[in-house]
């Protein structure tokens with residue numbers, strides 16, 4: 001079956017490793033803090049799909065015309081990103097995915113427009129390219145795309161993965177992806193040919209409330225102190241057990257414990273800020289945990305010790 005007609009590609013997976021390395025057999029790219037996306041583009045239409053093959057254009061309508069910036073019928077692998085204050089902002093990407101009102105989506109698209117950053121090409125003019133070496137596919141990709149504010153090609157460096165990783169830590173970026181320069185493209189497969197080293201951290205946060213979502217899922221509202229003032233630091237859903245609210249002796253309060261109530265306040269059940277949790281997360285410039293995962297509850301921990309990290 002033709003890849004373009006079936007539109008069911010599961011993208012090649014990227015293997016997490018702990019230690020960055022240098023190698024003349026690899027190229028290294030910035031790991032973008034966005035949403036993995038397969039783009040099906042022809043002369044008349046754009047079709048964007050995530051790893052689960054869900055349609056993305058309803059949430060990012062500003063990208064409906066990126067097919068006009070390509071030379072031919074093609075399938076691209078890349079990342080949807082929203083750039084805010086000069087860096088990719090995954091929070092804005094997530095926020096857009098939770099909108100279901102067409103007018104709100106259009107307003108968000110004007111305020112913080114998304115871009116598509118391509119890093120591979122899998123198909124061109126009825127021909128599969130997946131068995132070509134990666135660097136040859138990169139050459140074809142650059143020939144096919146006319147770059148602009150909506151559609152771009154990722155840049156890469158040869159050999160020096162450690163140095164690029166050090167740069168991402170200094171800039172609070174997500175990390176680095178290393179790819180074998182001669183690697184083929186394998187659908188839905190994890191190999192040593194594509195690897196990533198991320199800038200993860202662990203910190204303690206105060207549980208300040210929670211939001212009940214569909215199917216019993218609970219999202220915890222997080223806070224940290226700046227001196228004696230409790231500040232909102234986002235929320236975490238991944239890793240939170242379904243029975244969280246009943247498992248712990250949570251003391252509900254009538255109003256927000258924050259001086260400035262966050263936008264999620266209308267849906268929140270507020271708690272006395274006395275329970276501490278540990279979060280595995282990606283640092284970002286907002287001072288909030290990016291892509292957070294709950295590691296566990298730190299019972300007996302003093303919540304006032306959960307101080308925000310000083311800005312560097």
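A Cβ is built for glycine as well, from the same backbone N, Cα and C atoms used for every other residue.
Those TrEMBL annotations? Automatic predictions, nothing curated.
Database features (TrEMBL):
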DOMAIN    107-198  domain 'ATP-dependent DNA ligase family profile'
REGION    290-312  region 'Disordered'
COMPBIAS  296-312  compositional bias 'Basic and acidic residues'
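Counting same-chain residues at least six beyond the ends of the compositional bias 'Basic and acidic residues' (296-312), those with a Cβ under 8 angstroms from any Cβ of the stretch are 203-207, 223-228, 231, 233, 248, 273-278, 287.
Here the domain 'ATP-dependent DNA ligase family profile' (107-198) has a mean pLDDT of 95 out of 100.
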